[in-house]
Amino acid sequence: MEAFTTHTGRAVPLRRSNVDTDQIIPAHWLKKVTRDGFEDGLFEAWRKDPAFVLNQEVYKGATVLVAGPDFGTGSSREHAVWALQNYGFKAVISSRFADIFRGNSLKNGLLTVVLPQETVDRLQKLVEADPTAEVTVDLVGRQVRAEAPGHSKLTADFELDENARWRLLEGLDDISLTLREESSIVTYEANRPSFKPRTLEV
Amino acid sequence: MGRTLAEKVWDDHVVRRAEGEPDLLFIDLHLLHEVTSPQAFDGLRKAGRQVRRTDLTIATEDHNTPTLDIDKPIADPVSRTQLETLRKNCAEFGVRLHPLGDVEQGVVHVVGPQLGLTQPGTTVVCGDSHTSTHGAFGALAFGIGTSQVEHVLATQTLPLAPFKTMAITVDGELPEGVTAKDLILAIIAKIGTGGGQGYVLEYRGPAIEKLSMEARMTICNMSIEAGARAGMIAPDRTTFDYLQGRDHAPKGEDWDAAVAYWKTLRTDDDAVFDAEVHIDAASLSPFVTWGTNPGQGAPLSASVPDPASYEDASERLAAEKALEYMGLTAGQPLREITVDTVFVGSCTNGRIEDLRSAASVLEGRKIADGVRMLIVPGSVRVALEAVAEGLDKVFTTAGAEWRHAGCSMCLGMNPDQLAPGERSASTSNRNFEGRQGKGGRTHLVSPQVAAATAVLGHLASPADLSDAAVATPAGV
C-alpha cells in the first residue's frame, strides 16, 4: 500500500446522502478482474448528467471528495475504493461512512476523514464559493485545512485510531504484519474443537 | 458482568490481543464467489503465498451466472472470463468450487447454510456484504473487502476493530400475513440505513424465537441495509434441528459436544447492550419501499410521503431525489403503484420457504397481463426441492418464469435486468438506483406481497386478492 502522510488539492462537493457503492461503481463494472481501469465507471449513471458536479469544468482535477452523510453504504465491493483512486481521489471527507467501505479505503491508502456534519457543510460551501480553494488533509497532524478569499479559514481536527493511522503513514502491508504473529495462529489452530466445520467433500 | 452473544463468539476467536492493536480473530469459514476474489488470488500469487486453510474455504458461482440456457457458453465474454478466473484460481490453490451446473451451486449465502457449514458460534466471512445472513445461526458473520479476502486466504485470520452491541427486541407476535421481510424492512425504516453503523445487532424476543431458520436468515441478511457490522440470533432448538443430519454438521460425539457448546451461546441476563431498540410485532403490517434506499419504506397501506414533511434537510433532499428517480408523486397510495416485473429470489428470499410462500398465493391464480414474473431459486438444491413439491408447476401455470439458481435480478451483473424506466416488485435487498439494471425502479417486498402484486399488477398483499383466502405457511 502507498503511504499517506499529507495531501493538498482542490475539492469537489457531493451534496448527496446515502451514496451507496452501487452508485460509486455500478455492478457491471465488477466483472473486471484487475484493480485498475475503473475510473470511467465512477458515478457512471450520474456522470451522464452534464450538470453533475464531477462534470463541471471548475472541479476537473480535484483530488478531495467532500461527500454527504452515510457515504459508501451497501455492497462490500472494494472496487468502489479503486474507482475513486483510479479517478484521482486521494481523500474523502464525510460525517459518516459505512463500515465496510471505510475499512476498504484505509486498506488501500484512500484516506476517509470523519468530520462533524456542520464542518462538512462549511467545507462544501467554501469549495462551492471558490472551486480553486486548496484543501489540505494532514494525517500527520490529523487536521483538515482550507482557505478561500472571503471565507474564514477552516481548520478542523479529526480522529483516526492510532493503529490504522500508523499503518497508513507507513504504508504497511497487513498480511506481512499478521504473519509476524504466525505462531499465535498455529497455537490457536492446535486448540480448535474437532466439531468445527470443514469444507472438504464428505 | 455478563457478555452478549456477539462478545462470546468474538472472545472465542481471539488469536492475539495486544494493547493498542486490533484483535486478531480466527475465521472458521471463508466463502468465495467470482466477483470479489480474483484480485485477492492475484495478490497471493504476486507475494508467493498459498491458501492457508483450504479445508475452511469454499467457492461457488452466483453473481454472473445466467438463469437460462446454462448448458450453453456464457454469452457475455467479460462474465465468462470472471467465472473462468475463479475456476482457474480454485484449481491452482486447491479450493473446493461448486461451478454452474453442479448440484451444490447457488447463491453463496444459500449454499453455506444448506451444506451445514454455517454453524453457531463460528466466524464466517465472504467478500459480500450479505454475509450477515449467516448470523441467523448465532455465527458472527460479516462481509469483507477484497484486501481482507486476500488476508483471510493467506492467514485464516483478520485484524478487527472492536464493535458495539445493539439489541433489537421484537415483542409479541407477527400478525397473519406479516413475514420476516416485512419485519426487517420496518426495522430498517425505524433505525435508518446508518442506524447500525459500528454495531453488531442481536435480534431477540418472542417474535424472533418463533421464526424458522429461513425467516431468521431473511432478517439477518438485511442487517447490512441498516449499516450494521453483523446481525445475530441466538441458536436454539430450531437451529439445532435445522443443522442435524446436514452434510457438514458435526456427527456422533462431535454433535453432542457441539450442541453443548452452542447452548452456551446466549446473551447473559446481566449483559449490557450499548443500544436497545424495541419493536412491537403486533403493530406491523406488510411493508414495502418507495424510495432508493432500503430505509425509505412504509406500510403497504400508506401513501408515498411528501419530502416536505422531513425536518432533516439531507433526508428531505434524499426523498426528493428518490421520488424523481422512482417516478412517484407525494401522496400517491402505494397500492396504486403498477409494476412491469416481479422478482422472487436472492439471498434474502430465495429459499424453499420463500418459494412455498409465493406459490401458496399463486396457486390457482394467473399473473396480470403484461407483468413478467421471474422465480429464481437460491440454489440448485432449493430448485430440486421445489420441483419435488410441484412448486415449479404452480409458478409456470400462473404464468411466471421458472429459472435456474443464481443471484439473477438482485443486481445487474447477469442477463436478468430491468430496462430503463421499468418498475419491479422484488424480494431482494436493495432498491438503489440502477441496482436491477440501469434506470430500473425497485420496490422491495416480501415473497407474499410479490406474488399478490404479480396477480393484480400493482403493489398488493394477499389480503387484497378478493377471490379466496390464502393460508400463510407457518413460520415464514
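Backbone N, Cα and C atoms are what each Cβ position is placed from, and that goes for glycine too.
Features reported for this protein in TrEMBL:
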type    : residues                     : note
BINDING : B:Cys347, B:Cys407, B:Cys410 : [4Fe-4S] cluster binding site
REGION  : B:418-442                    : region 'Disordered'
List the helix, strand and coil residue totals of the region 'Disordered' (B:418-442) as derived from DSSP.
0 helix, 6 strand, 19 coil
CB contacts for B:Cys410 ([4Fe-4S] cluster binding site) [other CB atoms within 10 A, all chains]:
30
For B:Cys407 ([4Fe-4S] cluster binding site), nearby residues of its own chain (Cβ under 8 Å, 6 or more apart in sequence):
B:Asp62, B:His63, B:Thr65, B:Val107, B:Ser346, B:Cys347, B:Met413, B:Asn414
Give the number of CB atoms, excluding that of B:Cys347 ([4Fe-4S] cluster binding site) itself, located within 10 Å of its CB.
28
Under a three-state reduction of DSSP output, how is B:Cys410 ([4Fe-4S] cluster binding site) classified: helix, strand, or coil?
helix
Specify all same-chain residues, apart from the site residues B:Cys347, B:Cys407, B:Cys410, whose Cβ lies within 8 angstroms of the center of the Cβ atoms of the [4Fe-4S] cluster site, ordered by sequence.
B:Asp62, B:His63, B:Val107, B:His109, B:His130, B:Gly345, B:Ser346, B:Thr348, B:Gly350, B:Gly378, B:Gly406, B:Ser408, B:Leu411, B:Ser428, B:Asn429
